[in-house]
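Straight from TrEMBL, here's the annotation block:
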DOMAIN    8-228  domain 'tRNA methyltransferase TRMD/TRM10-type'
BINDING   117, 136, 137, 138, 139, 140, 141  S-adenosyl-L-methionine binding site
REGION    250-273  region 'Disordered'
Ligand code: 6GU
């Protein structure tokens, strides 16, 4: 990526700016903003209510509980940006799952707008103002702010210079598609648990192989669903067999992943929604 392109800008639209400000001001994201690597605007949706009471919501058409955020408010809020963003991301549990792959794609953009809902949600016509809808997992939260914080954290750290070399190396280790290997530091013995000999021996090739094997063992035990996309080498396969994986499982993990629903061709008989 071209660092001349300037900072990655996040425009975060919310009814609760105080929830998001710390993520944009503290720790590594705050430092990156001060260095000009990232830029944040936290924008109060209420400022675009267009009425004296700053009211952004109305009861749902057709009746029912709760309140719904008006589409015209969101339209005016987005129109207030000096330039149109590359993406307008609507945060909703009904969105596409947020993954490391999507984080990588978003980190290549220059300007991302994120829309955080509250209450019963947005008028569905807000979808027409969005380039995509994103969910951070299969559970329901009371608003999109925590999801926006997750996205800013995962995307921001992928921009050059935002995290140090050490962490950047670890990032590669997750991007490998496996869970991370375990780390140890002083003291050498704690509650009868010692640091593995290999880590104290200074044989860097042996340490590298041990870490790969640990990553494979943890992924096999905790998240076997990640293995089909992990790009396993023949040596990895031997390790997994030794760890108790079956030949059938290995064949499954080496099979090319199924086509994504978007790319699969619709058969003439399959009916649309
Ligand atoms: Cl993006 N918003 C809300 N309210 N709940 C969620 C979510 C988003 N992603 C998972 N659960």
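Placement of Cβ uses the backbone N, Cα and C atoms for every residue, glycine included.
Those TrEMBL annotations? Automatic predictions, nothing curated.
Tell me about the setting of these features in this model.
Its own atom aside, the Cβ of residue 141 (S-adenosyl-L-methionine binding site) has 15 Cβ atoms within 10 angstroms in the protein chains shown.
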What is the Cβ neighbour count of residue 139 (S-adenosyl-L-methionine binding site) at a 10 Å cut-off, with all protein chains included?
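Taking every protein chain into account, the count is 7.
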If I take every residue in the domain 'tRNA methyltransferase TRMD/TRM10-type' (8-228) and average their pLDDT values, what number comes out?
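Within the domain 'tRNA methyltransferase TRMD/TRM10-type' (8-228), the model's average pLDDT equals 95.
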Just to be sure I understand the contacts, which binding-site residues have a Cβ under 6 angstroms from any atom of ligand 1? Candidates are 136, 138, 141.
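The ones that qualify, in sequence order, are 136, 141.
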Whose Cβ, among the binding-site residues 136, 140, has more other Cβ atoms within 10 Å than any of the rest?
136
